[in-house]
Structures are given as C-alpha cells and as structure tokens.
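Engineer: Sharing a structure below in structure tokens format, with a few things to ask.
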Amino acid sequence: MQLSIILLWLATFYGVFYCRCILCATYLGKQHWYEEAEKTLRRKLGPRSEMGRARNLVLIVGDGLSLTTLTAARILKGQRLGQPGEDTLLAWEAFPALALAKTYNLDAQVGESSACATALLCGVKANFETVGLDGGGRFEDCFSSYNSRVESLLSWAQQEGKSTGIVTNTRVTHATPAALFAHSPSRYWEDDSKVPANARKSCKDIARQLIEDEPGKHVNVLLGGGRRHWMPKMMKDVEQANEEGRRLDGRNLIEEWVRDKKRKGSHAEYVYTRAQLHRINPVSTQNLLGLFAYSHMDFEADRDTGPDGDPSLAEMTIAALSILQKNTRGFFLFVEGGRIDHAHHYNNPYRALDETLALEAALLAVLSLVDQTETLIVVTSDHSHVMTMGGLSTPRGNSILGTDRKASDVDGLPYTTLLYGNGPGYAIPRLIPSNVANVTAKSDKNTVHGSAAPRHWSTHGGEDVPVYASGPLASHLFTATIDQSFIPHAMAYSACIGPYKQRCQQANFSFAIPNCIEDPRRERTRQRGAGAGVVLASSVMSDDTTPSCTHITLSNFCTISMVYILWFAVT
C-alpha cells in the first residue's frame with residue numbers, strides 16, 4: 001500500500017511537471033498560431049458564401065498609432081481646417097470593418113515593434129526584439145534562428161506571382177519592415193557591424209538578407225531610408241558628407257542590388273532625392289530602390305520639400321503603385337508611417353499627429369489609384385503608446401495641443417490635454433507649453449508634453465490597437481477582438497495565397513477553410529510542428545458538410561496520460 005502511495009505521488013508530480021513543460025512549448029512553434037487563425041476563420045466565416053477574392057493587398061501600418069493618437073489626429077485635422085475638429089473623420093474611419101488587435105509578445109506584456117511586426121506580417125507571435133522568427137527564436141542567439149524562421153505575407157504574395165513593394169519613412173531595415181523579409185534573433189543586426197563577431201559567419205545581417213535571400217531579393221519596389229547599413233565603412237554618404245557607411249565587410253549593397261537586377265535583364269533604378277523619384281518612368285521601370293536618408297527619413301514637419309529633399313510618404317506610395325499595378329496577377333504593398341512612434345518616444349505630440357496625417361495622405365493616394373472592389377486594404381498599428389487625452393469640462397474646439405480650460409485643483413497650474421504616462425516630459429514643476437494657441441504653428445513642433453514618470457525615452461502602450469479594413473471579405477474577417485497574429489492569415493485568406501491558396505481552387509470561391517485532414521474516412525496522420533496537437537482523422541461532418549478534424553490538444557493528451565499513469569500506479 002505504501003509503495004502504491006509513493007508511486008501515486010511520483011506519477012502525479014511527473015505528470016504535472018511534464019505536462020506543464022509541454023504546454024509551455026505549445027506557444028513556441030508556428031503551428032499553434034496557424035491553428036488559432038484557422039479556428040478564428042471558422043468562427044468568423046461560418047457557413048459557405050459565394051465571395052470573390054482580393055487580387056491586391058495593401059497593408060498600411062502606423063507605428064505606435066494608438067487610439068488616443070487617432071482621436072487627437074482627427075481633431076487636429078479638423079482644427080487645421082478651421083473647424084472644432086471633434087466631428088472630423090480620418091479616411092480609414094469610413095472603412096466598413098473594424099476590429100481590435102492584441103499586441104502582446106510571447107514573452108512580454110507590452111509589445112515591441114519587431115516582435116509585433118512578426119505577428120502582424122508573419123502570423124506568428126514572437127519573442128521580444130526578435131524578427132521573422134517564431135517562439136523558438138531567442139534574442140541574440142544566432143543558432144536559435146535556424147529552425148524558427150517563418151514566412152511572411154510578402155513571401156506568400158511572391159509565390160503567387162504578385163509584385164511586391166515596401167514603403168516606409170524609417171530605415172528599410174528597421175524593426176517593422178524587416179519582418180517582411182528577414183529572420184534575425186536581433187532587430188538591431190541591421191548591418192554586420194552590429195552582429196557579434198562570433199556570429200557573423202553563421203547569421204547574416206538584415207541588409208544582406210534583404211538583397212541576397214528570398215523574399216527580399218525579389219521585392220520590386222523598396223523605398224525608405226537607412227543608407228548607412230548599405231554602405232561600407234569609410235564611404236562618405238551622398239548627402240551627409242560627415243557621415244560614412246557602417247558595413248565592415250567592405251561591400252556596397254546599393255551597387256550590388258543594381259548589378260543583380262541588371263544582370264537578370266530588369267530595368268532597375270536607384271534614387272535618393274525627391275526629384276529623381278519623380279523622374280522615374282513607371283512604364284519601363286521594373287525594379288526601384290530609393291534610399292532617401294542616411295538613417296530615418298525626416299519627420300514630415302521637418303522635411304525638405306525641394307527637388308533635392310525627401311519625397312513624402314504619399315509620393316513614395318504613388319511611385320510604388322505606378323510600378324506594382326502593371327502586374328495582372330496583382331500586388332502586395334506595405335506602407336509604414338514609422339515616425340509616429342519616434343515622436344511619441346520624445347513625448348512630442350505635434351510631430352506624432354502630423355505624421356499620422358501624413359499616413360492618411362498615403363492612404364488617400366491608395367484609394368485614388370486602386371480598384372477597391374478587388375483590393376483588400378488594412379490599416380492598423382504594431383503597438384500603442386502611452387499618450388493620454390483628458391480634461392475637465394473641456395469645450396469643443398479647444399486646441400488639441402493646448403491646455404485644459406481648468407487648472408489643476410491641487411497646485412493651481414494648467415496642464416495639457418495630451419499627456420504621457422512616462423518619458424522625457426517629466427519635470428518638477430511640470431512642463432507647461434508657453435504657446436499652444438495656434439495648433440498649426442510649426443514653431444511649436446518641438447514642444448514636449450508632460451509625463452507622469454521620468455524616462456529618457458517613453459515606453460510603448462500595452463492596450464489593443466484598431467484594425468480598419470475595406471475590400472473583399474473585410475466585413476467578415478475584421479470584427480471583434482483578435483490576436484494581431486490573425487491579421488496576415490485573414491489577408492492571405494482573402495487573396496487565396498500562402499496557407500489558403502487552395503480556397504480559390506474551389507469552383508465557387510467559398511468560405512471553406514483548409515482542413516487538416518482532407519479525407520475524414522481515411523485514417524491517417526500528418527507530421528506536425530513542435531508543440532502542435534495530436535490530429536486524428538474524424539468521420540464527423542461539420543454543419544456545412546465539409547470534412548472536419550478532431551484535435552486532441554496537448555492539455556487533453558496530458559490529462560489522458562496522467563489518468564493512465566495514476567491507474568497503473570494504484571494497481
């Protein structure tokens with residue numbers, strides 16, 4: 001009897017520990033997130049319905065575009081037009097579909113750009129500051145990236161012969177766009193000088209991956225900043241003579257990109273000024289590389305609008321579309337307003353809101369150029385920020401960049417409508433902008449608003465971000481609260497690419513979801529990724545008469561196993 005009790009105790013301890021370890025592992029592999037997306041698709045789409053597909057996909061991302069940022073930018077837009085502002089709409093707010101997306105990372109409650117971008121662009125949750133890897137990728141661990149690489153929307157689009165483009169006002173190798181083409185255990189490995197010496201032979205930097213590997217080397221249009229990661233050390237920048245390249249391998253990736261395209265018979269162009277971009281002939285140009293800044297491009301409020309200056313986000317978007325639209329198979333275009341985030345980190349609402357309106361201008365360009373009946377357009381953010389909006393009996397039309405009409409009831413001092421939870425705006429006595437009456441005055445663009453806790457660089461916000469969508473299946477797919485990792489699955493499903501290619505092979509373009517077991521009457525299994533559930537064939541048919549699968553999850557598997565262990569222990 002005592003032996004049975006001891007065996008029972010050991011079996012229970014073993015079962016709990018073993019199952020806990022396995023259950024934690026279910027969040028490491030991409031298969032978990034693919035299965036979660038499949039469940040969400042089934043729930044949202046329900047019964048069969050005759051619907052077409054999206055030939056084109058446009059994903060517009062405002063980096064750090066929180067709900068508060070949207071509200072404040074809407075008001076600023078109206079006030080710049082001489083209106084109160086509260087009843088103004090941003091272009092995407094007229095879209096028929098709206099959802100909220102969770103932005104946590106696998107190992108972080110408050111999301112970070114590269115891991116959020118991996119979820120947003122690859123459909124898999126990732127670890128903090130890794131890019132293009134599933135949960136098996138660990139920060140700055142080169143070897144962990146070998147077996148944890150995941151494909152992106154960019155890859156899926158190219159596999160179906162679509163043209164692809166990336167437009168951003170950050171460095172093109174920066175955290176968010178990098179998730180489209182790179183697989184790196186560190187978002188900071190943008191060139192080889194940032195890669196640890198002991199990892200340089202085993203792990204490529206992000207810029208090299210962009211020009212050497214799939215899918216980066218097949219991108220048709222690439223517009224943004226970040227020349228420093230493309231140029232060798234000792235090579236002076238073309239616009240900033242006091243700056244030089246950062247590459248230690250002596251390579252000039254810009255020249256290599258041009259040579260590679262021309263060797264393949266493509267009409268390729270490289271540009272670095274606004275005038276050069278406007279001179280591009282979209283009819284003959286097949287590949288376009290534009291690097292308009294040594295690092296990030298200038299904020300819209302600071303941008304040189306002359307011929308030797310930088311193009312706007314809208315101008316780059318128009319240039320990209322003029323080339324991508326020539327492909328009869330369609331295109332995928334990614335547009336990022338990346339400097340919203342940077343302004344928020346500085347506790348600088350003026351630039352953050354101004355950048356949001358610049359992003360809206362890019363969307364308006366898209367809407368004017370594409371056929372909206374065959375183009376799925378999604379506007380969202382990678383994560384939120386800690387800017388808040390508040391006031392007491394604040395009248396309509398009050399300057400959104402100004403102070404509340406009523407001072408604090410504690411110290412009698414005024415406070416701004418827009419404040420931050422943390423950041424460089426912390427001060428005692430607190431920061432109070434001296435001139436906030438004119439919300440259009442560029443003289444106020446450097447104003448730092450107050451924050452509750454001191455930090456040199458403010459943090460991100462952890463709340464959900466909005467997802468606006470328009471186009472084929474948008475109103476079905478983008479509703480309620482979703483995981484950020486569901487977004488690329490929904491877009492791929494609408495366009496019949498990637499894991500959902502087979503949807504459009506059906507005669508009626510139905511809502512059918514690919515089943516894990518195609519023939520329920522033939523018992524078979526298939527190999528699953530790490531941490532996936534055990535799959536058994538099932539003869540049960542779902543309500544819409546399509547074959548279904550019975551999933552025995554690891555939690556159920558552990559429970560069953562423990563029952564058997566306990567039974568053997570006591571008998």
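Placement of Cβ uses the backbone N, Cα and C atoms for every residue, glycine included.
Values in this document were obtained by computation on a predicted structure and should not be read as measured data.
When I checked TrEMBL for this same protein, it listed these features:
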- SER113: active site, phosphoserine intermediate (ACT_SITE)
- ASP63, ASP341, HIS345, ASP382, HIS383, HIS460: Zn(2+) binding site (BINDING)
- ASP63, HIS174, THR176, GLU336: Mg(2+) binding site (BINDING)
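Tell me about the setting of these features in this model.
Structural biologist: Taken residue by residue with DSSP, SER113 (active site, phosphoserine intermediate) is part of a helix. Of all the Cβ atoms in the protein chains shown, 25 others lie within 10 Å of the Cβ of SER113 (active site, phosphoserine intermediate).
Taking the Cβ of HIS383 (Zn(2+) binding site) as centre and 10 Å as the limit, one finds 29 other Cβ atoms among all the protein chains shown. According to its DSSP assignment, HIS383 (Zn(2+) binding site) is coil.
Every protein chain considered, the tally of other Cβ atoms within 10 Å of the Cβ of ASP63 (Zn(2+) binding site) stands at 29.
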Engineer: Around the Zn(2+) site formed by ASP63, ASP341, HIS345, ASP382, HIS383, HIS460, which additional residues qualify by having Cβ within 8 Å of the site's Cβ center?
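Structural biologist: Surrounding the site, in chain order, are GLY64, SER113, CYS116, ILE340, HIS344, SER381, SER384, HIS385.
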Engineer: Between ASP341 (Zn(2+) binding site) and SER113 (active site, phosphoserine intermediate), find the distance joining the two CA atoms and give it rounded to the nearest Å.
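Structural biologist: Pair distance, Cα basis, whole Å: 10 Å.
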Engineer: Of SER113, HIS174, THR176, GLU336, which is closest to HIS345 (Zn(2+) binding site) if I measure between C-alpha atoms? They're all recorded positions.
Structural biologist: SER113
Engineer: To the nearest Å, how far is the Cα of HIS383 (Zn(2+) binding site) from the Cα of THR176 (Mg(2+) binding site)?
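Structural biologist: One finds 11 Å between the Cα atoms of these residues.
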Engineer: Count the Cβ atoms, other than its own, that fall within 10 Å of the Cβ of ASP341 (Zn(2+) binding site), considering every protein chain shown.
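Structural biologist: Excluding its own Cβ, ASP341 (Zn(2+) binding site) sees 26 Cβ atoms within 10 Å.
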Engineer: Can you name the residues of this chain that are 6 or more positions from THR176 (Mg(2+) binding site) yet have a C-beta less than 8 Å from its C-beta?
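Structural biologist: Listed in sequence order: VAL61, ASP63, SER113, SER114, CYS116, ALA117, THR168, THR170, GLU336, GLY338, ASP382.
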Engineer: Compile a sequence-ordered list of residues in the same chain as HIS460 (Zn(2+) binding site), six or more apart from it, whose Cβ lies below 8 A from its Cβ; state 'none' when nothing qualifies.
Structural biologist: GLY64, VAL110, GLY111, GLU112, HIS383, SER384, HIS385, VAL386
Engineer: I'd like to know which of these binding-site residues, HIS174, HIS345, is least surrounded, judged by other CB atoms within 10 A.
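Structural biologist: It is HIS345 that, of the binding-site residues HIS174, HIS345, has the fewest other Cβ atoms within 10 Å.
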